[in-house]
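Enquirer: My questions all concern the structure below.
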Amino acid sequence: MEPAFGEVNQLGGVFVNGRPLPNAIRLRIVELAQLGIRPCDISRQLRVSHGCVSKILARYNETGSILPGAIGGSKPRVTTPTVVKHIRTYKQRDPGIFAWEIRDRLLADGVCDKYNVPSVSSISRILRNKIGNLAQQGHYDSYKQHQPAPQPALPYNHIYSYPSPITAAAAKVPTPPGVPAIPGSVAMPRTWPSSHSVTDILGIRSITDQVSDSSPYHSPKVEEWSSLGRNNFPAAAPHAVNGLEKGALEQEAKYGQAPNGLPAVSSFVSASSMAPYPTPAQVSPYMTYSAAPSGYVAGHGWQHAGGTPLSPHNCDIPASLAFKGMQAAREGSHSVTASAL
């Protein structure tokens, strides 16, 4: 006769899937095991699967109870405030301690037993979430206590002000002799724009204002740059040219140039003072053709009606230019007349 509910296992026993084994069968399994019967023989005798028998016996050996565990319930909380306090104490005593070492200490000190001791992953999570933030806060507080008070920042602008590392670097750079030293507060300050004008956005106005206020030298503003000229600069000393000694310049100009074969600049003659070369006889490029007149082409189709062969567009050719070496080339060449052609 088939049961009204449940399923039949391979041994012929009846079980309900998802439900624990009845307590009577559990007690019988434990009694047979105490009599020395092997789990496989208990499985065949009670028609219960071998895995179920082994699990029940293992739970009884660990907890001493034959009752099943909570189905669908949560595990009891093992990370109690007492456990967290002891974990924090272990971590403060030895910052390099591992999670598994903390677990062993909890068992050794009797804080937890083997049933409610937190796992290694739980201890790591406690160290990361609960104790890690407190440790970082403690380090930060101790750092603030040992940290000296910050120096007041120089106000570079009336709205925003913050320290600039460039001023400290500029203060370390030595100033060469003869050059006026620029105050450290003026050396490349970082400024926030106080308005939407171009000079304030670029920081030009603030730099020039600070230079004019702190430096004894006059620094013109952007509006005055267009009015500056060469007359505004002080004249150099008569014995110095651009800050250099005149005697040194004359000596360098006197002995610094090596003599070469080129004539001096003053020996060249301008082209206007030279007489133009005689104009050679113009030879027509169109030769006499002995064929019928119909085959003779008087000129090109693109030639201007009033133009000449040398100036087809009726343009005047300027006088010949004076070039060096043209006379020698002209004397060495023989003129060719039209009759020879």
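Glycine is treated like the rest: Cβ placed from N, Cα and C.
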Enquirer: Looking at 82-130, 229-277, which one is region 'RED subdomain' according to Swiss-Prot?
Expert: 82-130
Enquirer: As a quick check of your reading of DSSP, tell me how many residues in the region 'PAI subdomain' (7-63) are helical, how many are strand and how many are coil.
Expert: 34 helix, 4 strand, 19 coil
